[in-house]
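Notes to accompany the following structure.
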Amino acid sequence: MSDASIGIGTGVKGAPQAAAAFDAGARVSDYVALLKPRVMSLVVFSGFAGLVLAPGHIHPVLAAVAVLCIAVAAGAAGAINMWYDRDIDAVMRRTCARPIPTGKVKPEEAVAFGIVLSLGSVMLMALALNWVAAALLAIANLFYVFVYTIWLKRRTPQNIVIGGAAGAFPPMIGWAAVTGDVSLASIALFALIFMWTPPHFWALALFRRGDYEKAGVPMLPVVAGDRATKLQMLLYTVILLPLGLVPWWLGVSGVLYAVAASVLGLAFLGFAVWVWFDRDEREGGGRAARRMFAFSILYLFLMFTAMMIDRAPGLLPLLERWAG
Ligand code: HEM
Ligand SMILES: CC(C)=CCC/C(C)=C/CC/C(C)=C/COP(=O)(O)OP(=O)(O)O
């Protein structure tokens with residue numbers, strides 16, 4: 001039996017096709033990487049929480065469209081951020097393997113991709129849901145691109161305090177997708193993420209300080225030092241403790257949430273105290289800072305989970321109606 005008859009010839013002929021398919025797969029994953037999918041998970045989760053917690057009903061298909069729009073608009077802003085920051089991303093160890101610094105995606109392709117997805121997601125939100133949700137989505141997207149990335153990131157250590165507002169919008173957007181408005185309760189959800197962002201990010205900046213120094217980005221540990229950063233983190237986590245109870249106080253969720261928020265808030269504060277007393281200030285050496293960064297993500301996931309579980313009795317009839 002010749003090689004050709006057992007299919008080797010076919011295999012050789014198929015090789016370029018296989019390579020092309022592999023290439024296409026690699027390109028898809030590069031474009032997905034532009035969307036910062038891991039960060040997006042929590043953005044989407046908090047947006048979903050806004051949808052669940054808002055009073056009123058929404059058809060599940062529309063709820064899914066709203067979540068998709070939040071995910072795509074956030075990812076699109078991330079792609080534009082990677083286009084603008086391609087010079088500093090190439091310098092930092094954490095970001096140097098991203099698709100633009102490695103040459104896998106051209107800068108102009110990335111920015112076009114980001115702009116098209118931004119416009120598409122905002123338009124879909126406006127058409128399928130409502131104009132308030134679409135306007136908030138556009139504001140969040142533009143805030144991350146223009147206020148955080150282009151204006152503040154390279155100028156001031158307060159970059160993430162002000163610019164962090166972008167990431168605080170998703171629950172408000174989810175809420176508005178259901179109600180068509182902005183309420184005190186949705187502002188409380190915004191405030192929670194707004195106050196959470198600085199300790200979340202500065203914990204990372206403490207053990208990635210060298211990266212930011214190298215790239216010349218004025219993050220707080222670089223500009224003001226570790227002690228000042230740790231003090232600020234303590235302040236924000238102290239404020240976060242009572243702020244976490246506001247959704248309960250406003251009746252967004254009940255006592256179960258209030259207990260969870262107190263425990264989680266105290267734990268987050270405990271991490272900030274541990275970071276404060278941790279004397280290991282070598283770049284990359286601070287175990288406490290690493291743990292606090294990881295806990296910050298768990299904290300927000302659990303806060304919104306607790307809020308939603310507390311609303312579960314109200315959700316049940318809703319789910320039954322959807323199922324029916
Ligand atoms: C200006 C505000 C913020 C800054 C500067 C910031 C910065 C960062 C950075 C640098 C990382 C490491 C990312 C990586 O290397 O993959 C990170 C991780 C993360 N951030 Fe933030 N963040 C901010 C706000 C938020 C918000 C609002 C959320 C969601 C509500 C969020 C969710 C996450 C999650 C889930 C991760 C973990 C990703 C992973 O598993 O690697 N961040 N953040
Ligand atoms: C439309 C919408 C809902 C927008 C939300 C935008 C959003 C996901 C904000 C979170 C902020 C964020 C990921 C900052 C990363 O900082 P960086 O860009 O400095 O991080 P890097 O060094 O990893 O690039």
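Note: Cβ is positioned from N, Cα and C throughout, glycine not excepted.
Copied over from TrEMBL:
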TRANSMEM  39-58  transmembrane segment
TRANSMEM  64-84  transmembrane segment
TRANSMEM  110-128  transmembrane segment
TRANSMEM  134-152  transmembrane segment
TRANSMEM  159-178  transmembrane segment
TRANSMEM  184-207  transmembrane segment
TRANSMEM  233-250  transmembrane segment
TRANSMEM  256-277  transmembrane segment
TRANSMEM  289-309  transmembrane segment
Same-chain residues near the transmembrane segment (289-309), Cβ under 8 Å, at least 6 residues beyond its ends: 42, 45-46, 49, 52-53, 171, 192-193, 196, 199-200, 203-204, 206-207, 233, 244, 247, 252-253, 256-257, 260-261, 264, 267-268, 271-272, 274-275, 278, 315
Cβ-Cβ under 8 Å with the transmembrane segment (64-84): same-chain residues at least 6 beyond its ends: 34-37, 39-40, 43-44, 47-48, 51, 58, 98-100, 107, 110-111, 113-118, 120-122, 124-125, 128-129, 133, 137-138, 140-141, 144-145, 148-150, 166, 170, 173-174, 177
Beyond the flanks of the transmembrane segment (256-277) by 6 or more, those residues with Cβ under 8 Å of it: 199, 203, 206, 230-231, 233-234, 236-238, 240-241, 244-245, 247-248, 286, 288-289, 291-292, 295-296, 299, 302-303, 306-307, 309-310
